[in-house]
Amino acid sequence: MDPAAQMVCVRMASGEDLAVIPCKELSTVRALKEKLQALCGVPRFRQRLLLDGRSLGDEVKLQEPADLQLVLVSFFEASDAQQQDFATAIANGFQRQVEEALCLPQDPNCTFEQIKSFPATPLNIAAAYGHVGVMRLLLEARAIVNNLPNSSASPLLLAARVGQQKAIRLLLNAGARADTTDSDQRTALWYASRLGDPRNVRLLLEAKANPSTRDREGKTPLHMANGNLAIARRLSYHKWSRHRAQPQVARAVGGEVYEFEGGHEVPLDEAADQHTAMVAHGGYARSVTRRKRNKKVHELHNADLRDAALAPFAERKKS
């Protein structure tokens with residue numbers, strides 16, 4: 001049989017040829033849409049493939065030659081009930097329902113007006129709960145990974161506030177800016193340092209987060225690491241300025257300390273001052289215990305704020 005006959009041909013609604021793909025390279029309509037995404041610049045959720053005027057479902061097998069027409073659809077104006085269902089599915093991590101909503105297609109960058117506590121976009125909600133599967137769907141649908149215009153919250157900040165490590169990693173890999181700040185000028189690194197998880201701090205530092213950024217109260221991530229030697233040590237490896245200060249304190253915590261221009265002490269001095277004696281006299285275990293307790297307090301506080309904001313959308317499992 002003529003190899004040219006074993007092809008799936010795709011044309012735009014205008015009649016323009018878009019792609020000719022061997023049948024053996026395709027499995028389903030969804031697989032074809034994923035290939036077409038790079039050619040037409042539109043996510044699969046907004047693509048409709050027609051065969052003889054009939055729209056094909058994503059799971060339809062493509063095993064025979066065919067001439068298909070590609071139609072690109074716009075976002076539709078969702079009703080209040082549909083918005084409610086979309087937000088509920090995202091908050092609870094229901095991937096199938098989220099994908100169904102995106103295929104309508106609902107806008108992955110919409111704002112849920114019912115939630116007043118922070119700019120509640122789909123990706124913000126998914127990041128705040130750490131629903132990585134939902135986040136991948138939203139990013140595939142071209143959800144904006146950084147702050148929306150006139151917004152003081154970003155998915156990365158919300159994930160960092162509650163210590164969602166997988167969400168933080170996914171967002172950084174998707175191009176999230178590590179030094180985005182909220183309305184209090186706090187960064188994701190500021191929140192990660194306060195929670196006390198060295199893994200999240202490492203992820204953000206590797207993404208070039210600035211450990212010297214100050215919030216509105218003048219506090220840096222290193223201030224928030226007060227009491228956590230592992231994080232203080234990691235942050236201290238980043239030089240704060242040209243002037244080294246208190247080398248004996250730096251050695252006590254296993255890092256380097258610097259002064260700002262003008263002789264102001266960096267917060268590591270404050271953190272180290274109260275723990276040098278512990279290190280010298282074997283008191284590190286007590287420091288770790290307090291650190292874990294403080295980390296849990298911050299996690300619970302931030303999770304409570306999140307849950308209060310999203311209470312109308314997050315279903316609770318019955319005990």
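For all residues, glycine too, the Cβ spot is worked out from N, Cα and C.
TrEMBL labels come from automatic prediction, so no person has curated them.
Fair warning: this is a prediction, and the values are worked out from it, not measured in the lab.
Feature list (source: TrEMBL):
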DOMAIN    6-64  domain 'Ubiquitin-like'
REPEAT    118-150  repeat 'ANK'
REPEAT    151-183  repeat 'ANK'
REPEAT    184-216  repeat 'ANK'
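Within the model, the repeat 'ANK' (118-150) shows a mean pLDDT value of 90, rounded to a whole number.
When Cβ-Cβ distances below 8 Å are used as the criterion, the repeat 'ANK' (118-150) is approached by residues 43-45, 86-87, 89-91, 93-95, 98-99, 102, 105, 108-112, 156, 158-159, 161-162, 164, 166-167, 170-171, 174-177, 180, 306, 309-310, 313-314 of the same chain, each at least six residues removed from its ends. Applying DSSP to the domain 'Ubiquitin-like' (6-64) sorts its residues as follows: 18 helix, 21 strand, 20 coil.
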